[in-house]
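Record features (TrEMBL):
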BINDING   105, 106, 107, 108, 109, 110, 111, 112  ATP binding site
Ligand SMILES: Nc1ncnc2c1ncn2[C@@H]1O[C@H](COP(=O)(O)OP(=O)(O)OP(=O)(O)O)[C@@H](O)[C@H]1O
């Protein structure tokens, strides 16, 4: 009897230590600890260890090792940790929890490449992910996802089935209309097409739907951004002055339609020579970083100009799937930060709503 009681007390003490440790954990994706945005679904103490499953409110399973190491030090025992992404927020559209618009002011800066890599990274972080190619000027997602020439399948008279490539549900304007036709669309037609693709595709349940927008900040992009219930926009730019000026216009456009900017990615940031290892800033130095700083937008990553990125894209698979490469780690970190940003944005919003209601 006494032995049992002391066992119970010991677990109670250890459970409290566990909760305190979860509270104390800090990283860029979890800036205020794990207590608020993670729930313990399994915790089993063993003689010299703990088996723990945490359900997180955003995709973050890439942080498992770091959290395990932290808890192991804090609790002085072996930790067997699993992170499961379970987003509690109400879906924004059908059963899609977050829609993320990937945009660039200027063409050719690597927007589609970034969209695919971020989608892949989010999936590897444990989320259910879809990608929608709305780039009417040059839909490249079919090629980037290894789906060139694929024929769309109808579920019924009104619904299309998405393709599933590398576990990501994929739909593209390029599957449905010849390029020349979509190119000449005006704003309302383009946004109608986007809406149709969004609503007439059988996405099922998704944590994140990544939308590859057409480049630019004209009427078409404005109308499209207005019509989609997006959680936020991700801006892609190179450090080049011209691209930066256009990225600035992109920020202004999303502010106008009240879509929050959840981050910026500086692509083709620098070229690292494969032979001598020397770094050259082909398109300028830190331009995206400075722009992000000026507008108070999180800089999620500075991705180098690297042959392997283009080669992987042309083979129809994202470099993010090459799990241990430095580049895939950068995309993984960017995806986690973006997911965290979306979570805290919603959490702050609902707190504000509560304050407003109480008044
Ligand atoms: N970081 C990178 N390193 C090397 N090549 C890259 C990188 N990012 C993109 N590319 C290559 O640059 C080209 C343009 O990229 P991408 O199609 O993604 O740009 P985009 O901004 O979507 O273009 P568009 O304006 O046509 O939509 C592609 O050949 C792609 O493989």
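A Cβ is built for glycine as well, from the same backbone N, Cα and C atoms used for every other residue.
All annotation found in TrEMBL is predicted automatically rather than curated by experts.
Where TrEMBL records a feature, it is marked here on the structure.
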residue: 105; record: ATP binding site; contacts (Cβ under 8 Å, 6+ apart): 215, 216, 217, 235, 237, 243, 245, 246, 247, 248, 249, 250
residue: 106; record: ATP binding site; contacts (Cβ under 8 Å, 6+ apart): 215, 216, 237, 238, 242, 243, 246, 247
residue: 107; record: ATP binding site; contacts (Cβ under 8 Å, 6+ apart): 137, 215, 216
residue: 108; record: ATP binding site; contacts (Cβ under 8 Å, 6+ apart): 215
residue: 109; record: ATP binding site; contacts (Cβ under 8 Å, 6+ apart): 215, 236, 237, 238, 243, 267, 268
residue: 110; record: ATP binding site; contacts (Cβ under 8 Å, 6+ apart): 104, 236, 238, 267, 268, 303
residue: 111; record: ATP binding site; contacts (Cβ under 8 Å, 6+ apart): 102, 103, 104, 135, 212, 213, 215, 236
residue: 112; record: ATP binding site; contacts (Cβ under 8 Å, 6+ apart): 102, 133, 135, 140, 141, 144, 212
Close-lying binding-site residues around ligand 1 among 105, 106, 108, 109, 111, where CB distance stays under 6 Å: 108, 109, 111
In three-state DSSP terms, the structure that residue 109 (ATP binding site) belongs to: coil
ATP site, defined by 105, 106, 107, 108, 109, 110, 111, 112: further same-chain residues with Cβ within 8 Å of the Cβ centre: 104, 215, 236, 237, 238, 243, 267
